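S.K.: After the structure tokens below, expect a handful of questions from me.
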Amino acid sequence: MNQHQKKESLLRNSGFQTIIGSILCIVTGLLVGYLVLLIINPEGAGNAIVAILKNFMYYPSAAAAKMYFGTTLVKSSALLMCSLSVLFAWKVGLFNIGAAGQYVIGVGACLYCGLKFGMPWYVCLIAAVVTAAIVGGISGALKAYFNVNEVISCIMLNWIGLYSVNMLLTNVKEQSTPYTKPLSSTNKSALLPNMGLDQLFSKNQFVTIGLPLAVVMAVLVWIVLEKTKFGYELKATGMNKNAAKYCGMKEKRNIILTMIIAGGLAGFGAGIFYLTGIEQWMVQQTAVPAMGFNGIAASFLGGSNPIGVIFSSYFIQHITSGGTYVDKTMYCSQISDLISAFIIYLCGFVLFFKVWLNRYLDKKDERQKQKGGRSIMLLLIQYTLIFASVLVLVALGGCFSEHGGVINIGLEGIMVIGALGGALTMKYLPAGMPAPVVILLVVVACVLCGMLFSLFLGVAAIKFNADQTLVGTALNLLAPAAAVVLVRAINTAESVDNVSSTVAYGQAKKAFIMNIGAFEFNWFMLISLLVLIASYVVLYKTKFGLRLCACGEHPQAADSVGINVYKMRYAGVLISGALGGLGGLVYITAGVSEWKFENGVAGFGFLALAVMIFGQWRPVNIGLAALLFGLFRALSNVYTGFDALVALKLPSTVYNMLPYIISLIVLIFVSGKSRAPKAEGIPYDKGQR
């Protein structure tokens, strides 16, 4: 084999292509971050990106640098376990977006055992693994026996897990703060042993045996998946569930076991992190920790290889921690979150890169250039209608997209961007403008923002055939980070990290409200009803709607009669973006006069997906489902006004969990009988028709 053949063989190697693709994702993500820094403040952009990359090396003292290097390693070990959780499920054809919730459950179990019962570290660690594995197994069982989409069930369990852990750990929190008691002063036996590792990092007490254990777990996962019969069966089940079944494999058992193991890995990560004593849990958290979601980035950046994710996990944690060293008078630390989210988005293009490279090698003469005072019942009705309005708009958006054949998991992110566009428009509109003009301008702004942001999904899924679930997840992570960075850049002050990510729009919001006696009527209640009627007419009574549905059912047949499948799918995604953006605006104007964008939209985009599935992708059914889900969501706002509910003495977190619990129950009964558009989620290639 000559030198040229060796070079071409290397370029065709799948592992090498994955490494090159991941490096391109990193470089492009950093360049995008640098461009954002330039836009915010060009003077310090170079120093800021260097600070992010240097992280602990920012310290001139070698001892300090070594100590903070140890801290980064500790955090990356937990991220590694979450990455392995996502990776293990992905190898079996499952998308474990529930790693975040499983991680939270693991945190609750290990801290409760350590603080409440005084258990030693190994018992606490086992408790974290077992409880997280059980939660993972629930998603697996729902998938295996009821055909409930694991993405939706995992998302619901994320929120159920968060509120459950908050409620559980309230019993072991400090009296004066919302944080749990420190293990170091309550039960030192629950802390992981250092085994002398702390001496290697300038006596960093948080460096424990959890660090090497995480690496050992990565190697074990690789051995199980690549070198055992069990791993082969799991991967075979993921490639073709029916074929595996006819070969004698127990496909349902394999699905459940996969999610149990994936959950256990996330729980192990929670244990080796919190049992170092490096952090305490805040029992008033309203958002799922980013650790589980960042695991998605590290998993795909590492090429879904257990050994590769060791390095990708460290890199993601390195730049995340590096964000704390940027000049706070110019930028906020969340810029590193923005870079991470964009890298996840780009990971969806790795498969496209491989295809392009192989075609390039097959035909070297071709060059492809691409860039690529009211009664409680009245309050209940009011909140039900406004929450139902949000769910109707967003669920209809998902309906249009999926009828065209594109799964839009990114509705949560689109809602955030639409809300951002509407909030900023309301903030800067001059006072005294007529209400109809205000409504028109704000609606146009949020619709345009939602449509533009949805193009990220459209271009990735339709033009480049990227994985739609992965891209949608990336958009959900990208949107809040981008919103916080933009709002804090606008709210410039001496120290950016002390500037709220809040946009106030109190005066303009009054244009949407009309008081009818004691009832506060929001014009979006009427707008959502009109959109619902219009959606029914468009989908079933117009050529456009019938063509869109044809593209989602049988794109090849649609193409054969002259329908441009690509254009119709783009149209579906853009309509989805418009309605999702409008839904985001409705959500933030429901009873408040300002919005803190760090809070996101509390999972309403995912609830809308559940509404869409429950409504069988039909507008009228979606409207009824939205009312049901809106009612349960409204209860968490007004339950204190009902004596019967107060008498139950349930904590408020139970009512916060209620919509997500109902979603899971509903999905169990309807997912097996639901009929989604046949071609949804399947990339269309005209050349293969």
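Numbering starts at 1 and runs along the chain as displayed.
Here the Cβ of each residue, glycine as well, is placed from N, Cα and C on the backbone.
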S.K.: Would you mind telling me which of 44-64, 296-316 TrEMBL tags as transmembrane segment?
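M.R.: It is 296-316 that TrEMBL annotates as transmembrane segment.
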S.K.: In terms of Cβ proximity under 8 Å, which residues at least six beyond the ends of the transmembrane segment (20-40) contact it?
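M.R.: Here the qualifying positions are 48-49, 52-53, 301-303, 308, 312, 315, 330-331, 335-336, 338-340, 342-343, 346-347, 349-350, 353-354, 485, 489.
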S.K.: What stretch, picked from 296-316, 409-429, 570-588, has the most CB pairs under 8 A with the transmembrane segment (521-539)?
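M.R.: Stretch with maximum Cβ contacts: 570-588.
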S.K.: Return yes if the transmembrane segment (570-588) and the transmembrane segment (409-429) have at least 3 CB pairs under 8 Å (sequence gap of 6 or more), otherwise no.
M.R.: yes
S.K.: Please check if the transmembrane segment (600-617) comes into contact with the transmembrane segment (296-316), where contact means 3 or more CB pairs closer than 8 Å and the residues in each pair are separated by 6 or more positions.
M.R.: no
S.K.: Under an 8 Å Cβ to Cβ limit, what residues of the same chain, 6 or more beyond the ends of the transmembrane segment (409-429), are close to it?
M.R.: 151, 394, 397-398, 438, 441-443, 445-450, 452-454, 456-457, 468-469, 471-480, 482-483, 486-487, 490, 503-505, 508-509, 576-577, 580-585, 587-589, 595, 597, 600-601, 603-606, 608-609
S.K.: Mind checking which residues reach the transmembrane segment (119-139)? Cβ under 8 Å, same chain, six or more beyond either end.
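M.R.: That would be 85, 96, 98, 101-103, 105-113, 148, 150, 153-154, 157, 161, 187, 189-193, 256, 259-264, 266-268, 270-272, 275.
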